[in-house]
Amino acid sequence: MGFSSELCSPQGHGVLQQMQEAELRLLEGMRKWMAQRVKSDREYAGLLHHMSLQDSGGQSRAISPDSPISQSWAEITSQTEGLSRLLRQHAEDLNSGPLSKLSLLIRERQQLRKTYSEQWQQLQQELTKTHSQDIEKLKSQYRALARDSAQAKRKYQEASKDKDRDKAKDKYVRSLWKLFAHHNRYVLGVRAAQLHHQHHHQLLLPGLLRSLQDLHEEMACILKEILQEYLEISSLVQDEVVAIHREMAAAAARIQPEAEYQGFLRQYGSAPDVPPCVTFDESLLEEGEPLEPGELQLNELTVESVQHTLTSVTDELAVATEMVFRRQEMVTQLQQELRNEEENTHPRERVQLLGKRQVLQEALQGLQVALCSQAKLQAQQELLQTKLEHLGPGEPPPVLLLQDDRHSTSSSEQEREGGRTPTLEILKSHISGIFRPKFSLPPPLQLIPEVQKPLHEQLWYHGAIPRAEVAELLVHSGDFLVRESQGKQEYVLSVLWDGLPRHFIIQSLDNLYRLEGEGFPSIPLLIDHLLSTQQPLTKKSGVVLHRAVPKDKWVLNHEDLVLGEQIGRGNFGEVFSGRLRADNTLVAVKSCRETLPPDLKAKFLQEARILKQYSHPNIVRLIGVCTQKQPIYIVMELVQGGDFLTFLRTEGARLRVKTLLQMVGDAAAGMEYLESKCCIHRDLAARNCLVTEKNVLKISDFGMSREEADGVYAASGGLRQVPVKWTAPEALNYGRYSSESDVWSFGILLWETFSLGASPYPNLSNQQTREFVEKGGRLPCPELCPDAVFRLMEQCWAYEPGQRPSFSTIYQELQSIRKRHR
């Protein structure tokens, strides 16, 4: 019988919180009691000492020194002074021993209450999101797509004219693709919800409650030892007091930590309230296609998306596995440290280890959460991998209706498709972008005058920076900044004057801020007055403000942003639209998941560190970073046209070749600039370029980029995250990245552009692509591609890096081709 089996229900959580509050009140009462005992012992010892001093004033010397009374009294007064010292020592021992330990125990108990409440709430929120909200959203979308598919099917079957039938067929194919893809997402979501449900009720929640009970029992054991130590120190030798203390000692000895909560559990324990596990809702199939419930659909429409999903899930599983490994190492290390410290710690000092025990329990809980995430991804990977392995090297099965239509295709159409990507392949590569979602933006904000903005938004306010750092920031006489005093709740105006930094404390009285003379309702108004009037800060100093020293322009507060809706997802987290509160600038906000390990968060910030140094019209602009608290944000300009790959697939049919030449010229200009800065992008592709509303292309996604003085970067760690079909042979074989390897990727980007967003090597796996390229194979010329551009592609794909053109040459060549093209 324990917390994990008897208190899994929400009612159990409530009574646990009530119990924690009651125990904290009890501990506070004990602390006040002990503090009063220390105070009374000190006062009593002081009175005895004062009596001894009074007697030493000579009253006893009136009697002969040889008098027995005099000697007895002298001994009495001497022993009284000894008793005074003993009582004073007892009081100090009580204060530094039991009372200090009890205060530490109370702080740890308060922290445990807070940590438990936060972890319980987080587990419930994650369960509700995975098990209810996400599933309901997927089901709602499923029903809508099923209705659309059924309607498109009826229109297709009812169409009589060839033109109408072809148009209805296209719509039906698109609806089928979307339905099958969403069916797969729903299957994966149901599997993830099932695993999360199982882990929550069998591992996560019981583990949390088991950890809580272990810590409570450990605290009960520590409290027992504190009380025993208190009674030993405060015990006196009188028979009456000894009897009382024996009773109290017996009461303290009756404390049994392992049985402390048995009565509580008998009174409040209840059966676990486990809701039914989610299952595939077969009613979703009533209006749509005859799909198998709980089974992935793998056919010619979904094979690419299933392969991509498997790659994505495999990457996420690798990150999750790494997280499990790290947390297992952390738990093992903490357990070993705790064992070593227990061996070297006196039993009465166990309270000193309580903080580490809580850290260990939190690490164990974190390990269970990581194992749950790993299990969900493992289950999804197995579903996807089993389906693809069952397919084998053969072609994916056709959709029955499309197979019938394919038999009726005329021989002339087949000849027209010879040497080109099949119509179905083009359809699949274009269809993902046909219904590109349009995202909304947060509304404009009312702009606030600079002087009316709060203190933390002022450019000259630097927060709690060290005083030593101020001297480095103040360069010229009259330079100033405002900072928060370290260790004190007051603000300081620091100014460089006559070669020395001067620091003036800003006085605050009656909600007015001043140095000398007139007061102002805010510090920004005070600084504005001193700047505009050039009034000396104080008559004695004669210091005048001249120039504000701004803080690092890249540092933003989370409060500086107004987040809009999610517009995408990256390797590290979600991407949102947003605005800057200061001037309504539209921004894109990349977030970093809080659960990522520190090394991955450092890789996330690598993009910002690189972009800080660059300014070019064809490089996406960095606006700032938010690192003051979690989650970490990278704030960049919002390029509203979206990514280049989706743009090609949705708008490509109406684009002229000259426009495409202008856009790849933009890409070449941006890469020429990066080449001049010795920056290696390593992930150049259409998906990582952005398009403005005026069709200007910008290079983006610098998460894999590196800056090397010699222009060569040697990578290690395998190919898990390498985009194989875009990567040069020397980078795949030897991990050698350079501007020349970026040139190879640029050749693939050219091919993507003039094939209007088709996938390179569409019928080859990553390994087959590597073997094909090593044997001298290259992509064919796209239908829309000018011959001069294809020759440039072939130069970019030279096997030897030294034989590839530089980006400067590529840019000049594209400009020349564009001028010649009509």
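Cβ atoms are placed via backbone N, Cα and C, with glycine included.
Listed by Swiss-Prot as binding ATP are Ile567, Gly568, Arg569, Gly570, Asn571, Phe572, Gly573, Glu574, Val575; the candidate from Lys551, Lys590 that the record includes in that site is Lys590. Looking at Tyr633, Tyr673, Tyr713, Swiss-Prot tags one of them with phosphotyrosine, and that residue is Tyr713. What Swiss-Prot records as phosphoserine, among Ser9, Ser67, is residue Ser67.
When Ser60, Ser408, Ser765 are compared with the annotations in Swiss-Prot, the one labelled phosphoserine turns out to be Ser408.
Summarised as a single figure, the pLDDT of the domain 'SH2' (460-549) averages 87. The 10 Å shell around the Cβ of Val575 (ATP binding site) contains 17 further Cβ atoms across the protein chains shown. Looking at Arg569, Gly573, the binding-site residues in this record, the fewest other C-beta atoms within 10 angstroms of the C-beta turn up around Arg569. In sequence order, Ser591 are the same-chain residues whose CB sits within 8 A of the CB centroid of Ile567, Gly568, Arg569, Gly570, Asn571, Phe572, Gly573, Glu574, Val575, Lys590, the residues recorded for ATP being left out. The Cβ neighbour count for Asn571 (ATP binding site), using a 10 Å radius and every protein chain shown, is 19. Binding residues for ATP (Ile567, Gly568, Arg569, Gly570, Asn571, Phe572, Gly573, Glu574, Val575, Lys590) extend across at most 14 Å, taking the greatest CA-CA distance. Mapped onto three states, the DSSP output places Asn571 (ATP binding site) in coil.
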